[in-house]
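Copied from Swiss-Prot, the annotated features are:
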- His17, Ala383: anthocyanidin binding site (BINDING)
- His17: active site, proton acceptor (ACT_SITE)
- Asp114: active site, charge relay (ACT_SITE)
- Ala343, Gln345, His360, Trp363, Asn364, Ser365, Glu368, Glu384, Gln385: UDP-alpha-D-glucose binding site (BINDING)
Amino acid sequence: MEHTPHIAMVPTPGMGHLIPLVEFAKRLVLRHNFGVTFIIPTDGPLPKAQKSFLDALPAGVNYVLLPPVSFDDLPADVRIETRICLTITRSLPFVRDAVKTLLATTKLAALVVDLFGTDAFDVAIEFKVSPYIFYPTTAMCLSLFFHLPKLDQMVSCEYRDVPEPLQIPGCIPIHGKDFLDPAQDRKNDAYKCLLHQAKRYRLAEGIMVNTFNDLEPGPLKALQEEDQGKPPVYPIGPLIRADSSSKVDDCECLKWLDDQPRGSVLFISFGSGGAVSHNQFIELALGLEMSEQRFLWVVRSPNDKIANATYFSIQNQNDALAYLPEGFLERTKGRCLLVPSWAPQTEILSHGSTGGFLTHCGWNSILESVVNGVPLIAWPLYAEQKMNAVMLTEGLKVALRPKAGENGLIGRVEIANAVKGLMEGEEGKKFRSTMKDLKDAASRALSDDGSSTKALAELACKWENKISST
């Protein structure tokens, strides 16, 4: 049996959950000499991008794929959060076997799950392994998770129907309509899953959150206040992925950026899981054209049914460029580059020519922007992204959020004005300055004596003591 402390990590489905958890694992291995094994539940073959990502894990980080669970009994319209929770629940016998093997072969100090994975705590408790949560998004959203059981009892109607903003401890007031998606329909199984998970958060011995003190001082202060039964919270971020694949080196888009003036390009991407409707796709294209700004757009095929259309499968089969308005490519020639499906986001955001980012407000994307000091246009699509947009626009004041019309679409003029405002306007200058301050704060948090580095060291010390006392 090896003598280094070992951590088991159980991610829920989705690259957005896996990427920061892997970055966390790398820090434990490289800085604190831990071993990590990912226990990965599945519901079928892994998407190619996820398989490549896992196969590139460094020494000291291993993974085991669990047998696929079946969802044949679920209706076609089951919500994504329900499916994520059930992936864990239905995999528990396999998680148990994997943990049993690790206990026999390693010094297992903790079982770490992510935000919807607390049903795996049953296995940790059975084997007397410390249960922890890695929370991949904001401290604001984590504060809502802790507050939700109380809110559930206090509010009788749908949260979106409460006329005044709701107060989450430590956070700016937020309207119920901007709560995370599964809280929008309290009769749906997805809300029941959310509430079930939230109630189990107090079973954790600690929660690591992918944020840092200067980014979210209010929510973190509220979370770290003494409260009977609330676990300690460790802000260890920003944990972001460094693009290091070979296809980055000769990427056409980086060569194109090299030829553009400094800070002149708006980057547009809706993340690995996001899609907009066909009509919205057209308005976005025409708005970008009207703005007369340079832009680099990761184009994915529109989807009229769901905003998280590519969440479980990053490959996008259709030719997205075929959906563009007629003549669009000719009219924007020379000032735009369209990239189908994938682009090296971290490299693009760190490039000197990139001056703004139109984002779906996924937390990984926001953190990458913060680390590179790039101001934003907030275009939330699903999950907790509306909450993130409120935080960016009203809390941090680093983003514009174009408004949708009565038909639910954000119109081309509104889009053009937002793009011009960010890239050329006074507001854009203010956002850029604030983002520069946050970039410096992020760098300080990750420095040798920074707050996030210290929080990780405190956690590692706790886990080391755990195995030395057993």
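Glycine is no exception: its Cβ is also placed from the backbone N, Cα and C atoms.
The model shown is predicted, which means the values in this text are computed figures rather than measured ones.
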Subject >> Among His360, Glu368, Gln385, which are recorded as binding-site residues, the nearest neighbour of Asp114 (active site, charge relay) by Cα >> reply: Gln385
**OP:** Determine the most Cβ-crowded residue among the binding-site residues His17, His360, using a 10 Å radius around each Cβ and all protein chains in the structure.
**Re:** His360
**OP:** Could you say whether, by DSSP, Glu368 (UDP-alpha-D-glucose binding site) belongs to a helix, a strand or a coil region?
**Re:** helix
**OP:** Given the binding-site residues Ala343, His360, Asn364, Glu368, state which is nearest to His17 (anthocyanidin binding site) when distance is taken between Cα atoms.
**Re:** Asn364
Original post:
To which of the recorded positions Asp114, Glu368 does the lowest count of other Cβ atoms within 10 Å belong?
Top reply: Glu368
**OP:** Please report how many Å separate the Cα atom of Glu368 (UDP-alpha-D-glucose binding site) from that of Ala383 (anthocyanidin binding site), as a whole number.
**Re:** 18
Original post:
In which DSSP state, out of helix, strand and coil, do we find Ala343 (UDP-alpha-D-glucose binding site)?
Top reply: coil
**OP:** Determine the minimum-neighbour residue: among Ala343, Ala383, listed as binding-site residues, which Cβ has the fewest other Cβ atoms within 10 angstroms?
**Re:** Ala343
**OP:** Between the Cα atoms of Ala383 (anthocyanidin binding site) and Ala343 (UDP-alpha-D-glucose binding site), find the distance and write it as a whole number of Å.
**Re:** 22
**OP:** Provide the number of Cβ atoms within 10 Å of the Cβ of Gln385 (UDP-alpha-D-glucose binding site), excluding the reference atom itself.
**Re:** 28
